[in-house]
Structures are given as C-alpha cells and as structure tokens.
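Taken from Swiss-Prot, the feature disulfide bond applies to 75-90, 82-95, 89-110. Annotation source Swiss-Prot lists region 'Disordered' at 61-83. Marked as signal peptide by Swiss-Prot: 1-21.
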C-alpha cells in the first residue's frame with residue numbers, strides 16, 4: 001500500500017511540475033502568436049489602405065474626365081468675340097486678342113490654334 005501511495009505521489013508531483021512547464025510554454029506561444037497576429041493585422045490594414053487609396057484615385061480621375069458619350073457644350077465658332085476670362089471657343093480654337101483688323105473693337109476673338 002505504501003508503494004502505491006509513493007508511486008501515486010511521485011506521478012502527481014511529476015504531472016504538476018510538467019504541467020506547470022507546459023503552462024509557461026503555452027503562455028509564451030500565445031504571446032508570440034498574438035505578436036504575429038498584430039503584425040499580420042498591420043500588414044492587412046496597410047494593404048487595405050492602399051487598395052482604398054487606389055479606388056479613391058480612380059474615382060476622382062473618372063469624375064474629373066468628361067465622358068466620351070457626353071455632348072460637347074455649346075461653343076463659340078471662329079472669328080466670334082469671346083470672353084478672356086471664360087473662353088467658350090470650340091475645340092481647336094483659342095480665345096486671343098485680335099491682330100490688325102480687329103484692334104479697334106478691344107475684344108477677344110476665337111482663332112485657330
């Protein structure tokens with residue numbers, strides 16, 4: 001009966017001491033995993049931020065460009081007076097101060113580039 005008690009006590013002491021070591025080891029493993037998890041989260045966060053910035057840039061670019069399907073706004077033809085500050089000359093024309101023949105009008109006109 002004594003040997004059974006001693007054996008049981010010995011097994012109990014070994015189990016407790018090894019279990020304690022496993023507990024410390026598990027704690028260290030968990031700490032390492034949480035640190036790795038944080039680095040993965042930071043990486044994923046940065047990746048998501050980059051994707052969002054790319055999408056935002058594309059959306060802003062699309063807003064600034066005119067659609068190919070949209071009609072051109074009404075424009076001023078060649079030789080027609082235009083406003084220097086708000087030129088509405090048709091494409092291929094530029095709002096310029098007249099040379100020679102239109103000097104006395106003191107106005108700007110649409111001319112070919």
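Note that Cβ sites are derived from N, Cα and C of the backbone, with glycine treated the same way.
A quick note: this is a predicted structure, and the numbers were derived from the prediction, not measured.
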When the disulfide-bonded residues 89, 90, 95, 110 are compared by other Cβ atoms within 10 Å, fewest goes to 90
Secondary structure at residue 89 (disulfide bond) (DSSP, helix/strand/coil)? strand
